[in-house]
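As recorded in TrEMBL, the features of this protein are as follows:
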- 1-26: signal peptide (SIGNAL)
- 27-66: domain 'Leucine-rich repeat-containing N-terminal plant-type' (DOMAIN)
- 75-171: domain 'Disease resistance R13L4/SHOC-2-like LRR' (DOMAIN)
Amino acid sequence: MAASRKALCFAVCVSLTVTLLPLVYGNSEGDALYTLRRSLSDPDNVLQSWDPTLVNPCTWFHITCNQDNRVTRVDLGNSNLSGHLVPELGKLEHLQYLELYKNNIQGTIPSELGNLKSLISLDLYNNNISGVIPPSLGKLKSLVFLRLNDNGLSGPIPKELVGISSLKVVDVSNNNLCGTIPTSGPFEHIPLSNFENNPRLEGPELLGLASYDTNCS
């Protein structure tokens with residue numbers, strides 16, 4: 001009798017574990033997004049549906065999930081948000097689109113965004129973001145669109161970005177970047193207008209002649 005109870009308990013526990021696995025994924029992503037919500041001021045209540053008690057964030061407004069209930073899009077462009085980005089965004093493993101343009105977001109770009117291996121589009125333009133462009137973004141091997149223009153970014157354009165062969169659009173104009181404009185890899189086809197209005201940015205890079213980080217000291 002005792003043995004059969006143990007067997008039944010084991011079977012139930014295994015069943016519950018298998019059943020709950022997708023929920024654990026959903027909750028971890030929901031936790032990451034709710035951390036973002038808590039870091040933002042939202043006067044227009046666009047994040048009102050972001051309820052952390054729900055099974056996963058897939059029913060939240062401005063969030064899109066795939067068929068496995070994994071978050072693939074965060075669409076919060078032009079939403080009158082202020083505050084700062086959070087490192088927890090790097091936990092959204094399946095995220096393809098991070099759209100936070102035309103807000104009043106301040107602070108820095110978390111280096112953890114380099115963990116978003118599925119990311120196709122990173123749109124943070126028209127905010128008040130400062131600090132450097134993290135070299136870790138060079139790990140985003142699926143990235144196609146990188147739009148960071150009209151912020152307060154400083155430092156050089158990371159040379160790690162040259163290794164992203166998928167990159168088609170880069171716009172870092174209207175910042176305070178320094179150094180030289182890369183010309184190899186995907187940067188070969190990026191128009192110079194996408195780098196303008198960075199008073200300390202020189203270029204294009206003269207291979208073998210110009211130091212990459214010149215004018216950055």
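Keep in mind that glycine also has a Cβ here, set from the backbone N, Cα and C atoms.
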Kindly report the helix/strand/coil residue split of the domain 'Disease resistance R13L4/SHOC-2-like LRR' (75-171) according to DSSP, in that order. 20 helix, 27 strand, 50 coil
Across the domain 'Leucine-rich repeat-containing N-terminal plant-type' (27-66), what are the DSSP residue counts per state (helix, strand, coil)? 15 helix, 5 strand, 20 coil
Which value does the mean pLDDT take for the domain 'Leucine-rich repeat-containing N-terminal plant-type' (27-66) in this predicted structure? 95
